Amino acid sequence: MKKKLLFLGPPGAGKGTQANLFCKKYGLIHLSTGDLLRDEVSSGSVLGIKAAEIMNKGELVSDELVLSIVEGRLLNINEGWLLDGFPRNVNQANSLKDLLEKINQPLEGVILIKVADDYLIKRLVERGRQDDNEQVITNRLKIYREKTSPLIDLYKKQGILEEIEGNADIDVVFSCIEKSLG
């Protein structure tokens, strides 16, 4: 089983849910940049306030900020890990690749969870997070298509991308992920 993984997909695709299940079953450390950022916002720090302003508009937090958070966490992990919500653009992917080479922890697999937009919007509105209103969701999906979608081709070319249909029940999606990472 691969131990250094990345889950990709649009907001609301179920990356966090699947990552939690996968990490629990296989003993990996779950690194969710969304959770890390929300924790920072909840702390009320200066950094958290800046992040909140950006996130509430549905925009992406700077590459430098997110990369430094991820680097700090990866340096303290000796076992396997699963990244969820990072990288979100080609620049971040290249920076992540450089970081992983530097710490001798190459990425072993990428799972793309694909879900139709209408299903995503419904899921996100029902989830009820503060930053999940329809206008913000639509903007987040637009940014995903513009910035994050190019990562699909990048990881396909590296031969480490597996595509999973995410419209199914949680257990079905999980089973498909397990089979693809065998």
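Just so it is clear, glycine is given a Cβ too, placed from its N, Cα and C backbone atoms.
Taken from Swiss-Prot, the feature ATP binding site covers Gly12, Ala13, Gly14, Lys15, Gly16, Thr17, Arg127, Ala168. Among the features that Swiss-Prot reports, AMP binding site is placed at Thr33, Arg38, Glu59, Leu60, Val61, Gly85, Phe86, Pro87, Arg88, Gln92, Arg129, Arg140, with the record citing sequence analysis. Taken from Swiss-Prot, the feature region 'NMP' applies to 32-61. Here Swiss-Prot flags 126-132 as region 'LID'.
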Report summary line: Least crowded of the binding-site residues Thr17, Thr33, counting other Cβ atoms within 10 Å of each Cβ, is Thr17
Report task. Determine the most Cβ-crowded residue among the binding-site residues Lys15, Arg88, Arg127, using a 10 Å radius around each Cβ and all protein chains in the structure. Result -> Lys15
Query raised in the report: Can you name the far-off residues of the same chain, 6+ from the ends of the region 'NMP' (32-61), with a Cβ under 8 Å from a Cβ of it?
Result: 16, 19, 69-70, 73, 83-86, 88-89, 130-131, 135-140, 143, 147
Query raised in the report: Between Glu59 (AMP binding site) and Gly12 (ATP binding site), what is the CA-CA distance rounded to a whole number of Å?
Result: 15
Report summary line: By the 10 Å Cβ-neighbour count, the most surrounded of the binding-site residues Ala13, Ala168 is Ala13
Report task. Which residue among the binding-site residues Gly12, Gly14, Gly16 has the fewest other Cβ atoms within 10 Å of its Cβ, if you could check? Result -> Gly16
Query raised in the report: How long is the line from the C-alpha of Gly14 (ATP binding site) to the C-alpha of Phe86 (AMP binding site), rounded to the nearest angstrom?
Result: 14
Requested in this report: Rank the binding-site residues Glu59, Val61 by the number of other Cβ atoms within 10 Å of each Cβ and report the first-ranked residue.
Outcome: Val61
